[in-house]
Amino acid sequence: TIGSICMVIGIVSLMLQIGNMISIWVSHSIQTGNQNQVEPISNTNFLTEKAVASVTLAGNSSLCPIRGWAVHSKDNSIRIGSKGDVFVIREPFISCSHLECRTFFLTQGALLNDKHSNGTVKDRSPHRTLMSCPVGEAPSPYNSRFESVAWSASACHDGTSWLTIGISGPDNGAVAVLKYNGMITDTIKSWRNNILRTQESECACVNGSCFTVMTDGPSNGQASYKIFKMEKGKVVKSVELDAPNYHYEECSCYPDAGEITCVCRDNWHGSNRPWVSFNQNLEYQIGYICSGVFGDNPRPNDGTGSCGPVSPNGAYGVKGFSFKYGNGVWIGRTKSPNSRSGFEMIWDPNGWTETDSSFSVKQDIVAITDWSGYSGSFVQHPELTGLDCIRPCFWVELIRGRPKESTIWTSGSSISFCGVNSDTVSWSWPDGAELPFTIDK
């Protein structure tokens, strides 16, 4: 009958509704259960990634054997800065963690082709800051990370975090602020009250400890020099060098077989470069590179060297570097003996210990007709490269503007090279910017 049919339809409809409600409840329970399980899985993955990303840069390997230098980066920052927002900088340097290489630089708190770039030939001001960006990129407000307030600086990575050292303050009482993972961890006060200053290149890390060299005192006479050992951004030991008649400024330091070697600038009376090497307990040795292939600028023509300071043209100087290989040495230097122009790498197979001026390899980096500037060393650890040795690298600052050119500003770009045991080439990789800029006219 019609009534029976309606009853059956009603029962079926009721059963479907009950089934639908059960289905919704089960689905909701499954989703809630999954949500409750997502967080611990996500946390586990996050912790695992952090564990993988943190290592100790041992620094126990020797420098890699090399035959020459392969171009690694060029930032073209002055060329780009004629139109784009690029910082006015000087004293750029490169440092690498086990994951990346970064360019560090001292800004002037100003952009190229802007009114605040006026007068930036000055070295020390309260506006100068240490910042960093990925290597090879032009330093701009859009890709750069603030590191420290500084007119002299250093930075390095121990495998866990970045250590930065930024010196700022008055000439007669500056303070170095140490930061680890971005947080202030320690300070070092000027002990001679005469322009405390440091490397302007990377510090060196071995087995979780990082090392730097600082200078305090005259730039044209006997000063005071200290080595500092730091762990997680705190000074754990320091030693003042007993180095009469030596002058150390702006040291370029690197690890080699668990020890540290630094090659520095003698601004007092040496046209060859002084060095200091030390172990992790800060037991040190000192000397000058003996080679008759002189590494500073200004300098005399190559001739007979000395294992002490070479006096002719010894006053003043420029930051530089060398890499020691046994009794041999790779010497980086300007091509011009009296101006900061050109750059070349020279292999002197006995130059660390012998005074003759013979060499076996010369590789051109920048032509003598183009400006260069400071240069310094950095290394790539096996944890970054996958090699079984520490790769030696260097950067060259290409200074433009004042005092040599008709601009209102002073700034620079940079290039870098790394040592390889394969084919390389001589060429010139200059800054290449056309000056003056609009702001200069």
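Including glycine, each Cβ sits where the backbone N, Cα and C put it.
Look at Swiss-Prot and you will find 26-441 tagged as topological domain 'Virion surface'.
Residues or ranges marked as N-linked glycosylation site in Swiss-Prot (evidence: sequence analysis): Asn60 (among others). Annotation for Asn60 (N-linked glycosylation site): spatial neighbours Val206, Asn207, Ala257, Gly258, criterion Cβ-Cβ under 8 Å with sequence separation of six or more.
According to Swiss-Prot, the feature substrate binding site maps to Arg90, Arg124, Glu249, Glu250, Arg265, Arg340. A sphere of 10 angstroms centred on the C-beta of Arg265 (substrate binding site) encloses 27 other C-beta atoms. Taken residue by residue with DSSP, Arg265 (substrate binding site) is part of a strand.
Sequence annotations record features per position, and here Swiss-Prot assigns N-linked glycosylation site to Asn118 (among others). DSSP assigns Asn118 (N-linked glycosylation site) to coil in the three-state reduction, placing it in neither a helix nor a strand. A simple way to gauge crowding: the CB of Asn118 (N-linked glycosylation site) has 15 other CB atoms within 10 angstroms, across all the protein chains here.
Annotation note: Asn207 (N-linked glycosylation site) sits in a coil segment as assigned by DSSP. Cβ neighbour count for Asn207 (N-linked glycosylation site) (all protein chains, 10 Å cutoff from its Cβ): 15. Taken from Swiss-Prot, the feature N-linked glycosylation site covers Asn207 (among others).
Counting only residues at least six positions away in the same chain, the Cβ atoms of His247, Tyr288, Asp296, Pro309, Val310, Ser311, Gly314, Gly317 sit under 8 Å from the Cβ of Gly270 (Ca(2+) binding site). Annotated Ca(2+) binding site per Swiss-Prot: Asp266, Gly270, Asp296, in sequence order.
Here the binding-site residues are Glu249, Glu250, Asp266, Asp296, and the one with the most other Cβ atoms within 10 Å of its Cβ is Asp296. Sitting within 8 Å of the Cβ centre of Asp266, Gly270, Asp296, and not among those site residues for Ca(2+), are the Cβ atoms of His247, Arg265, Asn267, Trp268, His269, Ser271, Asn272, Arg273, Pro274, Tyr288, Pro309, Val310, Gly314, Gly317.
For the pair Asp266 (Ca(2+) binding site) and Arg90 (substrate binding site), the Cα-Cα distance reads 20 Å. Model confidence over the topological domain 'Virion surface' (26-441) is summarised by a mean pLDDT of 94. Ranking the binding-site residues Arg90, Arg124, Arg340 by C-beta neighbours within 10 Å puts Arg90 at the top. DSSP gives Glu249 (substrate binding site) a strand state. Rounded to a whole number, the distance between the Cα atoms of Asn118 (N-linked glycosylation site) and Glu249 (substrate binding site) is 27 Å.
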